[in-house]
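Database features (TrEMBL):
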| type | residues | note |
| --- | --- | --- |
| REGION | 1-104 | region 'Disordered' |
| COMPBIAS | 18-34 | compositional bias 'Basic and acidic residues' |
| COMPBIAS | 41-56 | compositional bias 'Pro residues' |
| COMPBIAS | 70-82 | compositional bias 'Low complexity' |
| COMPBIAS | 91-100 | compositional bias 'Basic and acidic residues' |
| DOMAIN | 103-198 | domain 'Fibronectin type-III' |
| DOMAIN | 202-290 | domain 'Ig-like' |
| DOMAIN | 299-400 | domain 'Fibronectin type-III' |
| DOMAIN | 412-496 | domain 'Ig-like' |
Amino acid sequence: PAKKPAPAAAKKKAVPAPKKEAAPKEEAAPKEEAAPAPVTEEPPAPEQPLEQPPAPTDESAPVPTEAGSEVAPVPAEGSPAVPAEPPAPEPKPEKPKEEPPSCPLSLAVEEVSENSFTLTWKAPEQTGRAGLDGYVVEICKDGSSDWKAVNQEPFLSTRYTIPNLSSGDKIHVRVVAVSASGASVPATLEQPVLIREILQLPKIRMPRHLRETYIRRVGDAVNIMIPFQGKPQPEVSWTKGGQPLDTNRINIRNTARDTIFYIRQAQRGDSGKYELTVHINGAEDKATLDIQVVEPPGPPQNLKLVDVWGFNVALEWTPPVDNGNSEIKGYRVQKSDKKSGKWFTVLERCTRTSCTISDLIIGNTYSFRVFSENVCGLSDSAAVASGVASIEKTKTTYQPEKIPQRDMMEPPKFTQPLTDRATTRGYSTHLFCSVRGFPQPKIIWLKNQMEIREDPKYIALIDQGVCSLEIRKPGPFDGGVYTCKAVNPLGEASVDCRLDVK
């Protein structure tokens, strides 16, 4: 057997090969006896040797590894194989550190003004187990590499406004996500942000419901907000008929984005068209606000009872003096009879100044009144007709209607003939036909041209022109030809049929 040097253990000198040495936490590998290897001084191995598998070579000499240990040579042909020494103990792997969050997403500039700008972004895809502590925004002037954090403490919002900047500067900006595991790769804007004021022409955004006449009742509050836009902040002015507003009655409050028009208690004198002007330097935009303050109208005038005839009454009147600052939509007409004293509506929204009331009750005496109506509703009071209408009972003579005499006489006529029948012996059967005529014809039944008289075997009936003959439990001799004859003073008619008894 070939001689094989033993590998050196960490911090120990080589020992003769025959000694068996067990690796820590591993079972000792079996070894064949070999000639003692010369004792050589080996340099001490590092405390944590690098793990590298031994590389086989064609030479029989041992090949030292990077850790200072030797690898057993490959035995020559014909020589017995020598098992390899157990490897050195593997060091315990260190617990991997948790990775920091990933980079924030979609970093963009939302708005730029003359001394600030606003950033927005989205949360990173990976935030780690511990979650985000927040974000840190850093800026750097163009041409410099000195990055400065804008916020002292991390914050969790994905929107941030950087204030106190100088107009005309170009600012580079980046955002870092921070967690307990560390900071992410920063999200950086590709281009620097130029700090300048973005000019915007003035424009009034009049709400849709204010583009038409704005109607309020007397005593109601008027509270209107009208938004506008423009940069720099535009100047706002209100006028009515080209004159400034009365500040004792109307309050105006302006902000950077809207103007508020307020009246605590509206009066009819507040109606009219108000002009709103928003201007920046030489540019301006105008809008008109049309306010109409209304109240219920006055009652109609000169209500008269023009005529009474039969069950009908005719009324006339004139429009009210005061329409409540709104168009009259119609009139409501009511009646009251003297017996009950209650008022009932006859007509609603009558658009004319006259009407006819019908279907009055004979013997009653009626009074009438009329209300006017506008967008606010009915007038507070009504116009009452001075006269009353008494519906008198008229004298009429009943004349019965003359009905012409009609000749109803008619000879007999069969409307439904008899039909041939077949029946079974011992089972009763019926024969049917129908006839008409006036006077009512006399019905005669015949069998084989012989009149059937009072025979209990036969029962003859007639009802509403329907003639029937019942043959009770017929036998073979009851078969034959049966005839039904109808006779009245104007003539006669007959029908017949055959009956077979099986």
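Using N, Cα and C of the backbone, Cβ positions are placed for all residues, glycine too.
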Secondary structure composition of the domain 'Fibronectin type-III' (103-198) [DSSP: H/G/I, E/B, coil]: 0 helix, 47 strand, 49 coil
Predicted model, mean pLDDT over the domain 'Fibronectin type-III' (103-198): 87
For the domain 'Ig-like' (202-290), the number of residues DSSP places in helix, strand and coil: 6 helix, 53 strand, 30 coil
Helix-strand-coil residue split for the domain 'Fibronectin type-III' (299-400), DSSP-based: 0 helix, 52 strand, 50 coil
